[in-house]
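Asks: The structure is given below, and queries will be raised subsequently.
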Amino acid sequence: MKNYPVKKNDVIEVEIIDLTHEGLGVAKVDHYPLFIENALPGEKLEIKVLKTGKSFGYGKVLTVLKSSEQRVPVKDENFTKVGISPLQHLAYGAQLSFKTQQVENVMQRVAKLQEVPVLPTIGMNDPWHYRNKAQIPVRKIDNQLQTGFFRKNSHDLIPMEHFYIQDPEIDAAIVKIRDIMRKYSVKPYNESDNTGNLRHIVVRRGYHTGEMMVVLITRTPKLFPISKIVPDILEAIPEVVSIVQNVNPKRTNVIFGDETILLHGSEKITDTIFDLKFEISARSFYQVNPQQTEVMYQKVKEYAALTGNEIVVDAYCGIGTIGLTLAQDAKQVYGIEVIEEAVKDAENNAKLNNIENATFTAGLAEELLPKLVENGLQPDVVVVDPPRKGLDGQLVNTLIETQPERIVYVSCNPATLARDIALLTEGGYEAKEIQPVDNFPQTTHIESVTLLTKAVD
């Protein structure tokens, strides 16, 4: 038996001194950290110890003895249960400060770069109702088809109709589709024995166009009575221009399967970023917060500082949103993306906007960029927008060897950003400025844009 200062089921009084990067309150008992959900710095709480481990433990709030001035009423207790909005109890201004501090902390701790300016996080005027996409699981509860979200760390569905961080038109559409499925006794998916059929309802909506896409994700290709379901959806939701069925027969947590069937209308919806049109398919990666995407891309344009003469490489280009945004001010843009379907979308989006100075190639940036250089291309600006795992080590080496004048790094993970900045700094680059942008209010996710330039000897 380990001799910790607290043990499971102890009821103790603590004071919260900090927040973790996941938004949990931190208290210490004889230097032993306890992490507590729904707790804010400065609060005095009575808690119950839930679990103890070698380095830290977890607790649960029983009573708030002294509340933080930054605490605000929560929108919905179910939000806490499912973990969708772990910061909903923290005033929005304090959320922004928390995110700025997280970036500063990781830059100092991981990159050992205290002097890099981290600007205040750019927030939203209304930090709710921002998501343009919903992926809602479907299950049977009390013998009825239900939509909602899974309880944290479980596959128990909690029925929900209002998600608050999603476009309210999407919330309303989900409820209407749910009711249509109930009307026709569609069988919801049963994960335990891999029976039933309807697994998820996915809805995408163009922020500027209002166009809506409905994706019905099923276990089998047969969805009865589809001849009645489709007209009912169109009648209930006039904004729908695309209805798609996606078939996923596997026992997996992955939402989409490989087979997609068009049931009505177009395979894509259209939305705009600045004055550019983009076509979005069921599986396209497209930024989920359209308002903040424009804020973030404006910062990318500022850091790229294009004059019309530059060669730009857009690594991890997706469907071309960043590259095509920059093409208007560049000599030539080369987009690189590992997913072939996204490359085709990027090419189509270039045609849609009559942009002729952008080309897109399928492959790994760490393999294709050296080939471009071998063929005589010298990029002036490289934009990288990697997944959470950050840059591939080989790509970091390639960037250092290629020596573009500027690197603009769009990050969704401060820890891997700091790691990569440290490596690029060793390779002769200097991080000039980091601008966090709050694309995900009420959550702990942090996006940022960083400018790196060649260091001056």
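In case you wondered, yes, glycine gets a Cβ from its N, Cα and C as well.
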Asks: Do you know which of Tyr303, Tyr316, Tyr409 Swiss-Prot groups with Gln287, Glu337, Asp385 in the S-adenosyl-L-methionine site?
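Replies: Checking Tyr303, Tyr316, Tyr409 against Swiss-Prot: the S-adenosyl-L-methionine site match is Tyr316.
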Asks: At the Cα level, what's the spacing in Å between Glu337 (S-adenosyl-L-methionine binding site) and Cys412 (active site, nucleophile), rounded?
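Replies: Glu337 (S-adenosyl-L-methionine binding site) and Cys412 (active site, nucleophile) have their Cα atoms 17 Å apart.
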Asks: The domain 'TRAM' (5-63): mean pLDDT?
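Replies: That stretch averages a pLDDT of 96.
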Asks: Other residues with Cβ within 8 Å of the Cβ centroid of Gln287, Tyr316, Glu337, Asp385 at the S-adenosyl-L-methionine site?
Replies: Phe285, Asp314, Cys317, Gly318, Thr321, Ile322, Pro386, Val410
Asks: Pull the DSSP breakdown for the domain 'TRAM' (5-63) and write it out as helix, strand, coil residue counts.
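Replies: Split into helix, strand and coil, the domain 'TRAM' (5-63) gives 0 helix, 33 strand, 26 coil.
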Asks: Rank the recorded positions Gln287, Tyr316, Glu337, Asp385, Cys412 by the number of other Cβ atoms within 10 Å of each Cβ and report the first-ranked residue.
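Replies: Counting every other Cβ within 10 Å of each candidate, the maximum falls on Glu337.
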Asks: Round to a whole number and give the Cα-to-Cα distance in Å for the pair Cys412 (active site, nucleophile) and Asp385 (S-adenosyl-L-methionine binding site).
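Replies: Between the Cα atoms of Cys412 (active site, nucleophile) and Asp385 (S-adenosyl-L-methionine binding site), the distance comes to 8 Å.
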